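S.K.: Have a look at this one.
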Amino acid sequence: LPTCLDSQLFIKDLHFDGVPVRIYLPREPSASKRRGVIFIHGGCGIFGSISKELKEKIICQYIARKSDSVVVSVGYHLAPEHKYPAQTLECLTATVHFLKTAETYGVDPARIIVCGDSVGGTYTASVCQELGHRTDIPKICAQVLIYPFLQALNFNLPSHQKNAAVAFLSRERTVHFILKYLNKDCSLKEPILAGSHVPESINLKCRKWINPDLIPDVFKLGYKPPPPALFSPQVHEKVQELFEPWFSPLLAEDYVVCGLPDTCIVTCEHDVLRDEGLLYKKRLEDNNVRVTWHHVEKGFH
C-alpha cells in the first residue's frame, strides 16, 4: 500500500454540515457517475483522526483508487471530550449530507455505501439503522462492517473467552475503553465483565439475539458457559447507554433490522468481537437482508 499522498487522487478537507470530512476524488475523468464510499474510522471513539492517522489515509486512498470511487472519511469528534452520542450523530449528519449532495462530487446517489472498522463499524450499523426507512433521501446501497463492536450485554461469548488476553484488544481492555468512551468510573469494569449490569428482563428479551447457542459449533471449541451473574441495580443504573441500539446495534428491533441494505461483514479469528459479527450476520439473514461474510482465520483485530 502507498505510504504517501496518491497522485491519482484529489484530496480535500471539507465540512459537511459542520462535520469535518476528508474527501478522496479520482483525478481521471469518468464517463459516468462514480460510486461513493463513506468511511468511518475505528479507535474506540476516543482515538483516531482523518488528518493524523496514516492508516486511515492509506485505506481511503486504496479504496478510492482500486474501486474508482469517491471516498468520504468522516472526522467525527472524539469522546470523552465530546460526549456520546455526538460521534454517532456526526456520522449520521455527514452521511445524510453526502447522500443529498452526491452529484456535486460526480457520485451516483444510488451507489453509495457506508463502511467502518471496529467502532466505525458500530457507527456504520447505527447510521444504516437510522436511515433504513427514510424516504426523503436516497437509500444507502450497502454497508460494510469490519470487525464491528455491536453489543455491550454479554462479554462471555466464545470469542471473548478464546481471545481474552489477545494483544491490543483484550476482553478487559474492551470494557475499559467502553467506560472511557462514556466517561464512566472504571471501577464498573469487573461487574460489567461478569454481566451484573443486565437485568433478567433484558436477558430474556435479548437471548434470541445474543446467545452462544447461535454461534456455529466450529467457533465454540473449548467454550465453557460462565456461572449466572448476580444482577446489580446500582451498576445497571450507571450504564444505561449500553442498552441503546445506537451503542449496541444488535439490540435494534426486527422492524429496524429488516430495513437494512445489503451487508458485508468481516470477522477475524483472533478477535474478542468475532462473535458479534457472527450474531449480527444471523440477525440480518433471519430478517431477509442479503449478507456477504468474510472470515479471516489468522486475522487479529
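Keep in mind that glycine also has a Cβ here, set from the backbone N, Cα and C atoms.
Quantities reported herein were computed from a predicted structural model and do not represent experimental measurements.
Copying in the features that TrEMBL gives for the protein in this structure:
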- 37-192: domain 'Alpha/beta hydrolase fold-3' (DOMAIN)
- 241-301: domain 'Alpha/beta hydrolase fold-3' (DOMAIN)
S.K.: Taking the domain 'Alpha/beta hydrolase fold-3' (37-192) alone, what is its mean pLDDT?
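M.R.: Overall, the domain 'Alpha/beta hydrolase fold-3' (37-192) comes to a mean pLDDT of 96.
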S.K.: Using DSSP, what is the helix/strand/coil residue split across the domain 'Alpha/beta hydrolase fold-3' (241-301)?
M.R.: 23 helix, 19 strand, 19 coil
